[in-house]
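A short write-up of the structure that comes next.
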């Protein structure tokens, strides 16, 4: 029956069955048969009304099964009639629409979808009725699901059929403030999508509607931010932060010169560009209304009621400049001119914040519009020259910066020079000082076309300004003018020589000695490196130092004479005291003798009397004191190559940190004395010190934190947990520890140990970085006490540098600190026998990289705070890690390796499933950084391929910000693998570059992940096979369409990678086939419509020309048109000229 056409009798029987008491299953089955007939054949026209009536009755039934069958059949009937005879459908639309609109709010998604589809069908025959029901019934009803579905239908109809939505805007504004959060979100998304492609006038009207209906600010800002108008102009980069010319460097004074008599220099204003949230306008009328609205706030005098409105108005103008106001530049500049008097009131306000906003606005107008603001210059220059003469330092400096910005951006006129001349004659020092900088800005800007100055009388004014400045009563003005004079001399040397000839002998001498003098041979030698102190390592001259340095040298010599003889103990009886100076960057850091000797203790600090040391062989008298020992240990080449050089910073005076309360009860030797805690002071190297072998971890820390006098320019590192953790880690057997010097990064107890000679392997004889003064003697056996370390999982990432100094096969042991009690001292042989047994309570701590549960246990102490400290009496009872044999040390290594392998496999699985989040990647990086030898070839390849696939995935189900963060961690993990497994990485370079190209295509140049992609690509090309990279990339870029945004990004990045490979690999020479592929790629991209792709193609051609030579290059590019060839030739010549000075040097 289902395959036959419906008859009138069947339709009549449908109504009879639905009204009867027949079983539900029979009704559902009959409706289903009717539905099949509708789907297969046309409906008899005479029965259409009865069929609609029956199916509407089934749809409104109380039984879900019958409703399902009836509503689906009704949807098929609507579709059938829209094709068979739309007139029949239009007659039933009025009676069917209420039922369909009611189903828009059904609980089941299926029915809501069917209702939306039915509305689309009915809209084709009765559009007015459908819109009326949707707008006046569904959208304003009480059912939130109906509201959401109706908005989705509206968006669908607009996108597919171009439905005008203007009449829906008031209803959508009401829905933006609906009580239901889901409705508000749907309304917000609907408004954004509807207006995204709307004209600018409609977007401007939308902003007014949002204000009129008082939509909450968060929703309003989200909508406006999404509807940023499209601009034909590329986004303007941030204004440069150096409008002020660099002042001339100060004359080099000796270290003894005191500046106490001079006036303290007020810190300069912050020139860091302020980050402004862009504000966008859509039409000229909107911009004009906005400026007219704020004009009222600038009327009259500044009061408590209007100053904040003025500040907000100026800030809004700055936001407009950061937005798209350049698309309406005429309207904006006309508006600014109309309120210029008000802006000047803001600039001259006594409120600093208001003045700063005004100056910032003028600077940004100058940077953005340049000569277009010429009509405003006269009033502004008068205002700022007057403001620069004020007594308020911040306002004066702001005026100086703003005038410099204006002069560097606007068109030169003779009036500008007149303003500078007036400033040179001002009675205040500040304008006269600033005028020299303004004059220098004019000279540098107009020096290339000096006829502007010559034909308008500007040169005469410049000469008058220079003469007046060189004869000024203030020395600062004279000094600034000398620098400006030499800029003038570079343009008009004859006139400058005439000015110099009129000066007296002293003034001429000072002028010739000025650092800006290009004729001075010593100009470059006498300038100290900026940012460092006046020590001998930072000064450029080799002349004798000042009187103060001579006094310090004399004190050092006297202290060396007064040192007592070296005792037989393992330490010096006293340590030279650090002499601090009043200047943080003193030129000399010498040490003087302490006034009294101390006995006992292993540092220079005063100590309580300690117990008698156990009977053992005396330390050789030739050993130098710990406090002045050379702290540069010799390290294997492999360790040096993997440990990055610590960053050099300026020595600064730091506040002494509080001393941790009894961090270790085993020894007090490393606690620094109060006199030695001051940073930036170096102890003098003892002439009797012999080179010693330090702990690997401690020696690394000490060599960075306490350099010798020979390396005085290395300054103190910032204390970090990484250094502390390293100092607590057990050291390898071949090295002997020293006490922590006064400048250790953390003031925590660190034990001093000496290893028995029989435990030192032969491979430990590494040369130290300092010359050997005396032959190395065998150290005496001394037990070691290990304090409880503080485990900090957060410091794992920071601790990479220090971790690499530990032997790879040695696990980190954490030993609980026992309660110290006096015990009889055993012999050395007994200690050696007891060492393995004492290590029984050793606990290995592992970290799961993919769990968040990390616990840090703090050590507890049962001893009083103040007590006598037994230095070495009870060390035999403590376990000694280094007394273990190599076999004992590696017992637990397999277990840890297995656990690391399991964690790695778990990470690989999650990476393949693309479920590993940012935190998981950081844990994985920590595992890869700390584990050694966990990679098999298959594991490495699986992890790397999984990372590449994860990197390429668009992560459509994740928010864009989170997706960027995840991909940034993927890049960091790949770079870590590249660093640790460089050889294994080499076969996967080409695959990695393809993945990076795919990733780059999804992001704009402003995305932060782009820089990471480019850096990784630049590293990969240095290790891959050049020919393979050329073949793979040219094949990948061959069919990429440059007309799309993604294609342009891929082409630009690919050619950048190829150019980088040519630049970084001078030994790579492409073959004829490879050259042809590269030339074909470049030739195709030179004809691209995207300017960035064309530029990268030109750069690639320049690199190819530099590599293959003139004739071969042009033969390969013979099919390229003449215009691109001219451009390529220009850049080739430009590069050759840039390289010429380097080659000549």
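Positions of Cβ are set from backbone N, Cα and C atoms, glycine also.
Feature annotation (Swiss-Prot): of 226-271, 272-317, 318-363, the stretch labelled region 'Disordered' is 226-271. Check Swiss-Prot against the ranges 480-503, 816-839, 840-863, 864-887 and you find region 'Disordered' recorded for 816-839. Confidence for the repeat 'HEAT 2' (168-206), expressed as mean pLDDT, is 91. The list of residues near the repeat 'HEAT 2' (168-206) in space but at least 6 beyond its ends in sequence, with Cβ under 8 angstroms from a Cβ of it, reads 135, 139-140, 144, 147-148, 151-152, 154-155, 158-159, 212-216, 219, 222-223, 226-227, 229, 281-283, 285-286.
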